[in-house]
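Reviewing the structure listed below.
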Amino acid sequence: MAIKDTLLYVAKAVTFGLIMAAVFLFVTPLLTNNSSDLFFQKRGDNGFELSFSKAVRRAAPAVVNIYSLSVNRNQPLNSGSLQGLGSGVIMSKEGYILTNYHVIKQADEIVVALQDGRKFTSEVVGSDPVTDLAVLKVEVKVEGNTLPIVPVNLGAPAQVGDVVLAIGNPYNLGQTITQGIISATGRNGLSSGYLDFLQTDAAINAGNSGGALIDTSGQLIGINTAAFQVGGEGGGHGINFAIPIKLAHSIMGKLIKDGRVIRGALGITGEPVGPVIAQILNLPDLAGVVITAVDPNGPAAKAQLQPRDVITKFEGELVPGVEMLMDRIAESTPNQQVTMTIIRKGKVYDVPVTIGENVAEDAE
């Protein structure tokens, strides 16, 4: 009886071993052939991409190097030198190029060099110091000699965590690609400040400014503009900024049309309504902007707005904070009449205001 039990035990063990061996022999080739798939998904809607070469090939030809011929008028014959300034992005077949204002602001003559070796002199169509953007234009005189155009993504805004590539000409070393992610996003308004920008840890160095920030499909999502600096020292410590393409595209259109960005102005300063201000002014909630000062010669003064007035709506739209209000004012056309809803001493008023023009922000 004991021998029979032993044989039965051995038979079961051998059978189990054979089954496991068969499974191992079947699975091992699959593991060998698809080991990378177990760790890296093939690119899908939100998949991981092992190589971004296709994206680079799609966008890089439209990223140009920008050189300046600065004339020294104190030297005989007004001699000058050609030096690398930064980068730019070809936006249209007509030859319009987006770059940073600080890249070209001191240039006497601007030369644009394409990836394929072609060089063109360019003219400045317009510039906007507030958003640090400028538009150049090159003329392609040879018939059939076309320009590469960067694909643009205006529909889907960048999200925190998106993988991005920065293309530019750092330190005049030639076209270079750096990679990172979107670290933070801002708004797409016309008022100034880093709040409007995309923050990325993709390296943006001297010469990268004005270049392209693209997504992993090769579409333009921003214009590289600056690295965060501490105490005037160079180096961004992984904190770099790009202008969102939706804002840059809007500014480009205004510069092509008018040569500058015409912004509305109200002539006030304000701050968000916090708990202390709400209690002092006996406000029903924390929304709105309280006026802290009024320019005596500005549109707000002419409309009889006063300090301590709380602006709650702009053209019927709720005002959640200062940034939104300043953007709506900046986006308005000078001489346009708008209606602002205010609270003054507990009472609600609709006040018509004629928007003025902001000329101070364009000054250096």
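In case you wondered, yes, glycine gets a Cβ from its N, Cα and C as well.
Sequence annotations record features per position, and here TrEMBL assigns transmembrane segment to 7-31. Here TrEMBL flags His102, Asp132, Ser209 as active site, charge relay system. Annotated domain 'PDZ' per TrEMBL: 264-346, in sequence order.
When secondary structure is read from DSSP and collapsed to three states, Asp132 (active site, charge relay system) falls in the coil class. Cβ neighbours within 10 Å of Asp132 (active site, charge relay system), excluding its own Cβ and spanning all shown chains: 23. Of all the active-site residues listed (His102, Ser209), His102 has the fewest other CB atoms within 10 A of its CB.
Here Asp132 (active site, charge relay system) is positioned 10 angstrom away from Ser209 (active site, charge relay system), judged by their C-alpha atoms. Regional average pLDDT for the domain 'PDZ' (264-346) in the model is 91. DSSP places the residues of the domain 'PDZ' (264-346) in helix, strand and coil in these numbers: 20 helix, 28 strand, 35 coil. Taking only the Cα positions, the spacing between Asp132 (active site, charge relay system) and His102 (active site, charge relay system) is 6 angstrom. In three-state terms derived from DSSP, His102 (active site, charge relay system) belongs to a helical segment. In the three-state DSSP scheme, Ser209 (active site, charge relay system) is classed as coil.
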